[in-house]
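*Asks:* Here you go, one structure.
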Amino acid sequence: MQSMILFAAALMGAAVNGFVLPRTDDPDCETKATDCGSTSNIKYTVVKGDTLTSIAKKFKSGICNIVSVNKLANPNLIELGATLIIPENCSNPDNKSCVSTPAEPTETCVPGLPGSYTIVSGDTLTNISQDFNITLDSLIAANTQIENPDAIDVGQIITVPVCPSSQCEAVGTYNIVAGDLFVDLAATYHTTIGQIKALNNNVNPSKLKVGQQIILPQDCKNVTTAVA
């Protein structure tokens, strides 16, 4: 799932300088009006660090306009070295129609593990609760030592509420392959992004490399005991 395929999870990331190819007589680059109001397209070669957000901003385009023109299957993934057609200078850019908004968590505990999480740069309790698929209130309730939920420190260890009578069927090592994202691994192996992050605190999810080894919990669930 991810080598030098860029992590654009949440479609966020720093913009970097890429390669802009001049307009040609290629039919894909011909001057024509688009849904976003652009009358010109350019070819752009994706470089390390690019995201659709940064590219759209660079050329005053729309994330979903780029997705549409290039028929991209997943707006969260763009391949290093790929050539994209970019409708530039959009008067009505579309940055929402192709981006799904995750549902608010309703669970109050995490099945299996872990019981704690170490804060890293950029974390907020809101984002952490979403990564673990639990409500913000349940995370705050499990950490009464935190006086201000909006003020957490890098390196601080917080409690993650774990469901009683729950387990992960396996916790083992996994080697990253091309295209891997924590969000996809979580869905495939029935765990959460937060659980993967907690067990790989020194791993940057946006800089995964092919062959990199991570710890991966699998099939995390509540366990029901049959009544005789």
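Cβ atoms here come from the backbone N, Cα and C positions, even for glycine.
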*Asks:* Name the cysteine that pairs with Cys98 in a disulphide bond per Swiss-Prot, restricting the answer to Cys36, Cys64, Cys163.
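*Replies:* Going by Swiss-Prot, Cys98 is disulfide-bonded to Cys64.
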*Asks:* According to Swiss-Prot, which residue among Cys109, Cys220 is joined to Cys168 by a disulfide bond?
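*Replies:* Looking through Cys109, Cys220, the record in Swiss-Prot gives Cys220 as the partner of Cys168.
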*Asks:* Can you tell which of Cys90, Cys163 Swiss-Prot lists as bonded to Cys109 through a disulfide?
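*Replies:* Within the candidate set Cys90, Cys163, Swiss-Prot assigns the bond with Cys109 to Cys163.
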*Asks:* Of the recorded positions Cys36, Thr51, Cys109, Gly179, which one has its Cα closest to the Cα of Cys64 (disulfide bond)?
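*Replies:* The smallest Cα gap between Cys64 (disulfide bond) and any of the recorded positions is with Cys36.
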*Asks:* Given the recorded positions Cys36, Asn127, Asn222, which one's Cα is the least distant from that of Val183 (chitin binding site)?
*Replies:* Asn127
*Asks:* Of all the recorded positions given, Cys109, Val183, Cys220, which residue's CB has the most CB neighbours within 10 A?
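*Replies:* Counting every other Cβ within 10 Å of each candidate, the maximum falls on Cys220.
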*Asks:* Spatially, which candidate from the recorded positions Cys90, Asn133, Ser206 is nearest to Cys220 (disulfide bond), comparing Cα atoms?
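*Replies:* Closest candidate to Cys220 (disulfide bond), judged by Cα separation, is Asn133.
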*Asks:* DSSP secondary structure for Cys163 (disulfide bond), reduced to helix/strand/coil, please.
*Replies:* coil
*Asks:* How long is the line from the C-alpha of Cys109 (disulfide bond) to the C-alpha of Gly179 (chitin binding site), rounded to the nearest angstrom?
*Replies:* 30
